[in-house]
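A.B. asks: The structure follows.
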Amino acid sequence: MAARIQQSPQPGGGKRKGKAQYVQAKRARRWDGGGPRQLEPGIQGILITCNMNERKCVEEAYSLLNEYGDDMYGPEKFADKDQQPSGSEGEDDDVEAALKKEVGDIKASTEMRLRRFQSVESGANNVVFIRTLGIEPEKLVHHILQDIYKTKKKKTRVILRMLPISGTCKAFLEDMKKYAETFLEPWFKAPNKGTFQIVYKSRNNSHMNREEVIKELAGIVGSLNSENKVDLSNPQYTVVVEIIKAVCCLSVVKDYMLFRKYNLQEVVKSAKDLSQLNPKQAAQTGNGKEAKLESGDKSSQNDPAEGKNNQQVVPENSEELGPTESISETHVVNEGVAKPELASQVTEGSESNENDL
């Protein structure tokens, strides 16, 4: 009797599952066989920032990446979907048709997993991550920016920056050091050498220290080849460090200053803007120092992912620069007006900060 009294309130007065629980379970089933659902260590891809319209950003990214991906690697090949059974072969074939349909669904899910470009959850607002498979992200993105830089043809509206991510690891200092020792070898290990800078940005992460990360990475680059030197004005290579939650994204890119920090909105109008600069500013830009433009300022003010009230800080001490360069002073310049490109960027927002070495 007591057991009946305890059970009776449950159907009518017990706690009911919220809608979010059902939606979450449905999403989990929908993602079965679709590859990684979110940004995680061990994948490659392209990190894209946008301005408050992530869905449109994903659409633009697919369109742009497929256009240039087909140009570089050829069109994607998929299984013929017309081979599915029609179901009109009689009742005896119903079981066989159902089995073939299930096999076809499994193949379709496998095909989805092997898609060349696939959007996954980045873990930060106004940031889209497109996982890539079978391509080299840094070469593809460089090809896109090079073409846009030459043609000056604007192909996107909401995409701001497009950064290739050649490798990901756990966002802990020891994991990053161990991973970077082998990751950076193709560019900096003897006999390879070059000038470099380090660009650091963190989102939704509070346990990483930017000074420690920069110091350790600069030390690794210097240990690979003593001839690797820091160049803050026009480096051959830029080491991009993007941290989102507990994942560290790494890449080494070329022409970072020439392509306006890989900003698609700035690349198309850089020539026009340079013609309007005064001789002093033009000379600075010609030497590889980037001048911030009004449109660039507006985009960064409207983009929470890039941070609000950004500042550029030049860490010019021997500890941050590593064994290759030592300078003595530190300058802080507000990022509200046109100015030369400096060594570091630090976003003083609650969720992100950026630092260029």
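Sequential numbering from 1, following the chain as shown.
The backbone N, Cα and C atoms fix where each Cβ goes, glycine too.
Note that this is a predicted model, so its numbers are computed, not measured.
These came from Swiss-Prot, pasted as-is:
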- 1-10: compositional bias 'Polar residues' (COMPBIAS)
- 276-287: compositional bias 'Polar residues' (COMPBIAS)
- 298-315: compositional bias 'Polar residues' (COMPBIAS)
- 147-254: domain 'THUMP' (DOMAIN)
- Ala2: N-acetylalanine (MOD_RES)
- Ser8: phosphoserine (MOD_RES)
- Ser86: phosphoserine (MOD_RES)
- Ser88: phosphoserine (MOD_RES)
- Ser119: phosphoserine (MOD_RES)
- Ser270: phosphoserine (MOD_RES)
- 1-38: region 'Disordered' (REGION)
- 74-95: region 'Disordered' (REGION)
- 276-357: region 'Disordered' (REGION)
A.B. asks: What is the Cβ neighbour count of Ser119 (phosphoserine) at a 10 Å cut-off, with all protein chains included?
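C.D. replies: Neighbour count, Cβ to Cβ under the 10 Å cut-off: 19.
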A.B. asks: Any idea what DSSP makes of Ser119 (phosphoserine), helix, strand or coil?
C.D. replies: strand
A.B. asks: When secondary structure is assigned with DSSP, how many helix, strand and coil residues does the domain 'THUMP' (147-254) contain?
C.D. replies: 35 helix, 37 strand, 36 coil
